[in-house]
Amino acid sequence: MNQVDYLRISLIDRCNFRCQYCMPEGSELNYILKQQLLTDEELLTLVQEVFIPVGFRQFRLTGGEPLLRPHVVDLVGAIASLPQTQDLSMTTNGFLLAPIAQNLYDAGLRRINISLDSLDPHIFDQIIGSHGRPRWQQVWDGIQAAHRVGFDPLKLNVVVIPGVNDHEILDLAALSIDKQWHVRFIEFMPIGNGELFGDRGWVSSAELRQQIRDRWGLTDAQVRGAGPADVFQIPGAKGTLGFISQMSECFCDRCNRMRLSADGWLRPCLLNETGQLDLKTSLRSGVSIHQLREQVRHLLAIKPEINYKGRDSGTTGVYSRTMSQIGG
């Protein structure tokens, strides 16, 4: 079991997109009321006084869409300025990124993941549920802005949906050839989208790699990330290709992360709700910082057992919560 030192922090559960795999059409979404969200002060207290003292050093800001969080640049700056913060990154859909990319970089954000599920504007809008409002170009502008500012690595996340965007694998992989961009293919997962998943299923990373290997060849990359991706490279390419295979290749034994939801629930496992802690309620009811630390330490100690119990759930489980409610 890897050392667990990576915390994914959901800043908000709301999003300006409604992607099929994250917030499926027809599903009832009960958004968190503003007063139920962790405040900036509460979030920083938990990071600085609870998570860092028990060993967390890497933080990723997620959503929903994190750029919808008021004062997000200030929050980035506050976390980045903590001397114990070794790595601060963000996952965003990129729609609001272009105007504030430089501000985020100046505040201390250095790594960014941007969702790009298609290079075809029509298919892209279909996936994100734009209802006729074109969104692709503004996302692409956000990607270009992040590249100009100097985010490194700049990662592009692609959720592969059979019959929707799986024919674009080679075109998306080609983005890694001329720029130091890291394209990551993510297997479609049945979390909060059981009807869509049951209708379409998923494409394994092995199949995707074979397509790319047949076109260009494929080698193991010299650079390895801190997460679950298996990293490869097209020979001669500047960037890399990552494959996140939560459906076909269990990586629970490599898990190094926990998730903090926007309303303060600490979740040790994406697939298993065992042991989750309501830190916000505890904090607001006067539970001491020392007690909160000890609760998190205990959860860290039992996380391997929780992971083991959840390892087969990716292919057999049914989940009522959407990815946006979990925090991605």
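The backbone N, Cα and C atoms fix where each Cβ goes, and this holds for glycine too.
Here is what Swiss-Prot records for this protein:
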type	residues	note
BINDING	R8, R60, T91, K155, R257, M258, R259	GTP binding site
BINDING	C15, C19, C22	[4Fe-4S] cluster 1 binding site
BINDING	Y21, G64, S115, M189	S-adenosyl-L-methionine binding site
BINDING	C252, C255, C269	[4Fe-4S] cluster 2 binding site
DOMAIN	1-229	domain 'Radical SAM core'
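Where Swiss-Prot records a feature, it is marked here on the structure.
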| residue | record | Cβ neighbours (10 Å) |
| --- | --- | --- |
| C15 | [4Fe-4S] cluster 1 binding site | 21 |
| C19 | [4Fe-4S] cluster 1 binding site | 21 |
| Y21 | S-adenosyl-L-methionine binding site | 23 |
| R60 | GTP binding site | 24 |
| G64 | S-adenosyl-L-methionine binding site | 26 |
| T91 | GTP binding site | 22 |
| S115 | S-adenosyl-L-methionine binding site | 24 |
| C255 | [4Fe-4S] cluster 2 binding site | 22 |
| R257 | GTP binding site | 21 |
| C269 | [4Fe-4S] cluster 2 binding site | 22 |
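The DSSP secondary structure for C255 ([4Fe-4S] cluster 2 binding site) is coil.
For the binding-site residues R8, K155, the greatest number of Cβ atoms within 10 Å around a candidate Cβ is found at K155. When the Cα atoms are compared, C252 ([4Fe-4S] cluster 2 binding site) and G64 (S-adenosyl-L-methionine binding site) turn out to be 24 Å apart. A Cα-Cα distance of 16 Å separates C269 ([4Fe-4S] cluster 2 binding site) from R60 (GTP binding site). Taking each of the binding-site residues C22, M189, R259 in turn and counting other Cβ atoms within 10 Å of its Cβ gives the largest count for C22. Residues R8, R60, T91, K155, R257, M258, R259 are listed as the GTP binders, and the farthest two of them sit 21 Å apart at their Cα atoms. The binding-site residues shown are T91, S115, M189; of these, the one with its CA atom nearest the CA of C19 ([4Fe-4S] cluster 1 binding site) is S115. Nearest neighbour of R60 (GTP binding site) by Cα distance, taken over the binding-site residues C15, C22, M189, C255: C255.
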